[in-house]
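J.: The structure is given below, and queries will be raised subsequently.
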Amino acid sequence: MTSQRSLSSPQTRRPSVMGLISLVGSIVLLFLLIFRASTWACLFCFTTYEERLRVCQLFVGREETKINLCRNELEGAFEDLKDMKINYDERSYLHDEFTQMTVSLQEKAARRREPFWLAFKDAAAKLKRTIEHLKKAPACIPPCGLQEVARLFHCSGCFSKLCDLPLDCPVQDMLVNRGDQALFSCIVAFELPESEITYSWKFVGGVRTKDVTYFRDMPGAHGYLARIRPVQPKHGGTFSCVILHDQRPLARLYFYLNVTGPPPPEDTELQVTFREVMNRTPAEPEMIQPWSPSLGELLTNPQALTLGNLFLLAATAALGSASVTLLVWLFFRWYLSGN
């Protein structure tokens, strides 16, 4: 048997090589387009495709080649604004500035007094100065918290981002003697919104943890301060304070309370008696009733013959004598009138 070996000529290999080069070139071009769009994206974040196209049409007409050249010049003029990060609260103001820039370029195109590349360069320089004078966002303050005031808008991808910090703060250890006072302050170093701030307190006894599943609510605590007085061993454990803005958590603080100190000495018998007297419920007070002695009690009880009682006895005797005299006189008068 004879074996045949097929040999490929350079002409047959050339199409496959050319196809590979074309594929690599397409991929490189795609990466360049993506990189370019992400590099000068401030222009793309605050203007629309239709707005940019309209500007170039007013400058160069509707010929596609000239429009592509104009668009490249417009995008290239904003190269200095690559990777810009601005205060998120200034985003609306910057959008208005880009809108005003677009209107200004359209007016320049209508007057046809300067070439488009010069107009684009001047517009980009003005916007760069505007961005540099925007109010800066405060820096992130570690170690924790959802810090809205530090939110930044990234032109590189037209998105906003918060500080890369956890919501949970580190546990603060507190060593308090038995019988003393424990004071917890739910305060963070970063700026909080001015309104709709609430505080929620939770507690888990006996452990040092940040696992929220173990905690139970403390309905009696609502403000940013919490106090325990006097501290007892049952208060040992982890206290958690959640700062909320419109029911959205901004930070969770943890306080581990370690109660130390010996138990109080046993009370003496005198201290026990004194505490019982102090805690005893007062009895009903006795009402003093006035005493009005009778005539027999005045005569039989020598202690009752006070000055007032003697006067009362004399008055009674005089009244009795006068009554008897009057009765005798009335009787004699009746008797004599009958005779």
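Cβ coordinates come from backbone N, Cα and C, glycine included.
Keep in mind that what you see is a predicted model, and the values were worked out from it rather than measured.
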J.: Determine, on the basis of Swiss-Prot, the cysteine among CYS140, CYS186, CYS241 paired with CYS163 in a disulphide.
T.: CYS140
J.: Of the candidates CYS70, CYS144, CYS241, which does Swiss-Prot name as forming a disulfide with CYS169?
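T.: If we follow Swiss-Prot, the cysteine bonded to CYS169 turns out to be CYS144.
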J.: According to Swiss-Prot, which stretch among 107-110, 119-122, 155-158, 323-326 corresponds to the feature motif 'CXXC motif'?
T.: 155-158
J.: Under DSSP, is CYS241 (disulfide bond) part of a helix or a strand, or is it coil?
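T.: For CYS241 (disulfide bond) - judged by DSSP and reduced to three states - the answer is strand.
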J.: Near CYS155 (disulfide bond), which residues of its chain come within a Cβ-Cβ distance under 8 Å, counting only those 6 or more away in sequence?
T.: ALA41, CYS42, CYS45, LEU81, LYS82, ASP83, MET84, LYS85, ILE86
J.: Counting Cβ atoms within 10 Å of each candidate's own Cβ, which of the disulfide-bonded residues CYS42, CYS45, CYS140, CYS158 comes out highest?
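T.: The most densely surrounded of these disulfide-bonded residues is CYS42.
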J.: Would you mind listing, in sequence order, the residues at least six apart from CYS169 (disulfide bond) in the same chain with a Cβ closer than 8 Å to its Cβ?
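T.: Those within reach of CYS169 (disulfide bond), by Cβ under 8 Å and sequence separation of 6 or more, are PRO143, CYS144, GLY145, VAL188, ALA251, ARG252, LEU253, TYR254.
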J.: Would you mind reading off the Cα separation of CYS163 (disulfide bond) from CYS186 (disulfide bond), to the nearest angstrom?
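T.: Pair distance, Cα basis, whole Å: 20 Å.
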J.: In the three-state scheme derived from DSSP, which category covers CYS56 (disulfide bond)?
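T.: In the DSSP reduction, CYS56 (disulfide bond) maps to helix.
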J.: Check the Cα-Cα distances from CYS70 (disulfide bond) to the disulfide-bonded residues CYS140, CYS158, CYS186 and tell me which is shortest.
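T.: Among CYS140, CYS158, CYS186, CYS158.
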